[in-house]
Amino acid sequence: MVDYHSAGQPYPYGGNGPGPNGDYMAQEDDWDRDLLLDPAWEKQQRKTFTAWCNSHLRKAGTQIENIDEDFRDGLKLMLLLEVISGERLPKPERGKMRVHKINNVNKALDFIASKGVNVVSIGAEEIVDGNAKMTLGMIWTIILRFAIQDISVEETSAKEGLLLWCQRKTAPYKNVNVQNFHISWKDGLAFNALIHRHRPELIEYDKLRKDDPVTNLNNAFEVAEKYLDIPKMLDAEDIVNTARPDEKAIMTYVSSFYHAFSGAQKAETAANRICKVLAVNQENEHLMEDYEKLASDLLEWIRRTIPWLEDRSPQKTIQEMQQKLEDFRDYRRVHKPPKVQEKCQLEINFNTLQTKLRLSNRPAFMPSEGRMVSDINTGWQHLEQAEKGYEEWLLNEIRRLEPLDHLAEKFRQKASIHEAWTEGKEAMLKQKDYETATLSDIKALIRKHEAFESDLAAHQDRVEQIAAIAQELNELDYYDSPSVNARCQKICDQWDVLGSLTHSRREALEKTEKQLETIDELHLEYAKRAAPFNNWMESAMEDLQDMFIVHTIEEIEGLIAAHDQFKATLPDADREREAILGIQREAQRIADLHSIKLSGNNPYTSVTPQVINSKWERVQQLVPTRDRALQDEQSRQQCNERLRRQFAGQANIVGPWMQTKMEEIGRISIEMHGTLEDQLQHLKHYEQSIVDYKPNLELLEHEHQLVEEALIFDNKHTNYTMEHIRVGWEQLLTTIARTINEVENQILTRDAKGISQEQMQEFRASFNHFDKDHCGALGPEEFKACLISLGYDVENDRQGDAEFNRIMSLVDPNGSGSVTFQAFIDFMSRETTDTDTADQVIASFKVLAGDKNYITAEELRRELPPEQAEYCIARMAPYRGPDAAPGALDYKSFSTALYGESDL
């Protein structure tokens, strides 16, 4: 018997649970009768045990309300035991006295003890007195014996069997893991899983949520009560709000599910047994149907195949007989093997079916009439009998037809070759291509005709062979002799026609050859004289149409003289043209007399009379055109010469004037007469005189435009071009403007740096001394020599090179490789005058800042104009020193950045 105390938990009603000897309420030595239950557990047990008792008492038409009061007289206790056991108990005593009640309870306890349950620890007096703990313990003992003890799953029973049953049923469900009868059931999913496993239509399991246990529990309780007739024995709130639900209450309720579904399992077992029997029967019926269909199909195939094998009617051609042989071999190779397999499978299926029927106590299978295995074997024997000799008969027929078919094929091949050779021959012999042929064509046609005559004679043997084969096929009674005879007759008739046409064509070719030889001599004469004359006309046309390009009067006068000489040769050329055309007319007369259609092309030349006449007419048209073109060009060259002289006269005045002005400007920029203001005034007057000269340049531009419009590209009367004049004018304006700007910058530098007039003249003298080419700029070596002359230590050593590179970076920051006079003055002024420095600006900011190392925005706005103050605030970096105040600005880095000593 199963030990319900295997988990080592104390038995709450004073016993050790079922022991090895099957006792359910073994007495404990240390049992305290006054020990009270956990209030939550007691509440759960009262509700569960009451509902369980009522689920059985209602069968007797009664129920209890208070479990520890309603069982005190023992009457309903005895009734409960009769209902759940199905046995009659001794007649109860109906008295109201205490002794009557004790006797009734003892009768109930004696009945429980008779079922192998130890009830020594349960006293009838305590039940009669309404001891709740003892009453609940007694009911739990009854539940164990009559509701749980009989549960058996595999080799486990009672509690372990019920737990294993729950685990098996809920295993497929997510979030369900039944390990006990307390906390495994708190979320309600296990109850719902049990119901869904047996009655899936009652529960929508996928919609349940593990985090909503009250809803899950109520759903399971309501469905069980409504559809499974299992009363609600538990409260969802009690289970959820209890850390560890009462195990006995849960077991009692779960056992009701077990008993409710056990009936369904029995019905399912019975249904499975019926289905198994029906499945065997259906399988047998399916095998019977398969046998009937397979046998019917096989017999039908045999019935259709035997007449085909028995047909021995000969065919006309070897191809047809070979096809029959191929069909037979295809039958033996493709069609028959599956049928052999079907016949074998049919016998196997029949034997298997009979064995299954015999083993399942079914009557033997009797196929339909004519579909017995013996009927199939008989039909198969007839089939194999029909096969015998069929292949041998086919091979004999093929051997008989093979020579005859070979002879017929030989006839067809020779006839086809001959017909292919004769194709187009009649049309070729009938054509009159010689009427339009040249002499060389006629000779080629005669040689070609001779070759054809040789080929015709060679084909005579083939025609005779074709006729002989046709005669042999007639004698062997070939089935297609009529078509052979018709084809042979057609070949013979065509052969006679070809012979007649060959003779007629030879005569026509020889006659035409003689006539064309005469015409050919005339064509040769024509070609010898037409070719040189045609070349002369083409050369003349090229010369008359030649695009002459002349630039002088002398050149056009030479062209006019050459043209006059050409015109003097035209009468002799016209007489030669008439003689050449007369030769062509004579050749055409002979062709017309003998009905010869000339192709129109002289084989010796491509120059036709039409070409000669066309080119001669073209020469006649080009001569006056050339006359007019030469006269027009002569007039144009005379006009161009006048334009050249006009432009040269003006250019020879403007060019030297600009050159003189350029030299004077260079001299003014170098010489140092008077003050800078005097030089500036003199240069501006000089600039105005240059601007006043511009109308002369505009007049020259007008003359140049006329020259360009006349497409005059050279002028021997002057060395000046308009491009030279324009460049010189632009250079003149640029030079005077640059020189004025240099003087203005020198004045600005002098005033800003406090340079005296004597110092400025000294700087100019030094600069001019080393500006050897008078270009207005010093190269690096010239500048170094100048610095050395002024006392700077820039000799060719390491220290001197470093100093020179520093100075060059100041005067030539762009790295152009030259030093202008303005850059030279700036450098010298910085070296000789007092200038602002970064240190001076830092000192000024320190005064504004009150001798602090930083300055604030308020101090800048207070001491500087608004625009300069905001400029400084926007560009000054925050001051990071240890004495920095909020909003402190770094005026030192700002000052050094102003002079390029750091980044702004």
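Numbering starts at 1 and runs along the chain as displayed.
In case you wondered, yes, glycine gets a Cβ from its N, Cα and C as well.
What Swiss-Prot records for this protein:
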- ASP771, ASP773, GLU782: Ca(2+) 1 binding site (BINDING)
- ASP812, ASN814, SER816, SER818: Ca(2+) 2 binding site (BINDING)
- 758-793: domain 'EF-hand 1' (DOMAIN)
- 799-834: domain 'EF-hand 2' (DOMAIN)
- 1-27: region 'Disordered' (REGION)
- 1-259: region 'Actin-binding' (REGION)
- 286-396: repeat 'Spectrin 1' (REPEAT)
- 406-511: repeat 'Spectrin 2' (REPEAT)
- 521-632: repeat 'Spectrin 3' (REPEAT)
- 642-745: repeat 'Spectrin 4' (REPEAT)
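Distance noted between the C-alpha atoms of GLU782 (Ca(2+) 1 binding site) and SER818 (Ca(2+) 2 binding site) is 9 Å. Highest Cβ contact count with the repeat 'Spectrin 3' (521-632) among the listed stretches 286-396, 406-511, 642-745 falls to 406-511 (criterion: pairs under 8 Å). Of all the binding-site residues listed here (ASN814, SER816, SER818), it is ASN814 whose C-beta has the fewest other C-beta atoms within 10 angstroms. In the three-state DSSP assignment, the secondary structure recorded for ASP771 (Ca(2+) 1 binding site) is coil.
DSSP classifies GLU782 (Ca(2+) 1 binding site) as helix under the three-state reduction. SER818 (Ca(2+) 2 binding site) sits 11 Å from ASP771 (Ca(2+) 1 binding site), counting Cα to Cα. When the binding-site residues ASP773, GLU782 are scored by other C-beta atoms within 10 Å, GLU782 scores highest. In the predicted structure, the repeat 'Spectrin 2' (406-511) carries a mean pLDDT of 84. Apart from the site residues ASP812, ASN814, SER816, SER818, the chain places the Cβ of PRO813, GLY815, GLY817, VAL819 no farther than 8 Å from the centroid of the site's Cβ atoms, the recorded Ca(2+) 2 location. The residues of the domain 'EF-hand 1' (758-793), classed with DSSP into helix (H, G, I), strand (E, B) and coil, number 23 helix, 2 strand, 11 coil. Taken through DSSP, the domain 'EF-hand 2' (799-834) splits into 25 helix, 2 strand, 9 coil. Residue counts for the repeat 'Spectrin 4' (642-745) under DSSP, split into helix (H, G, I), strand (E, B) and coil, are 86 helix, 0 strand, 18 coil.
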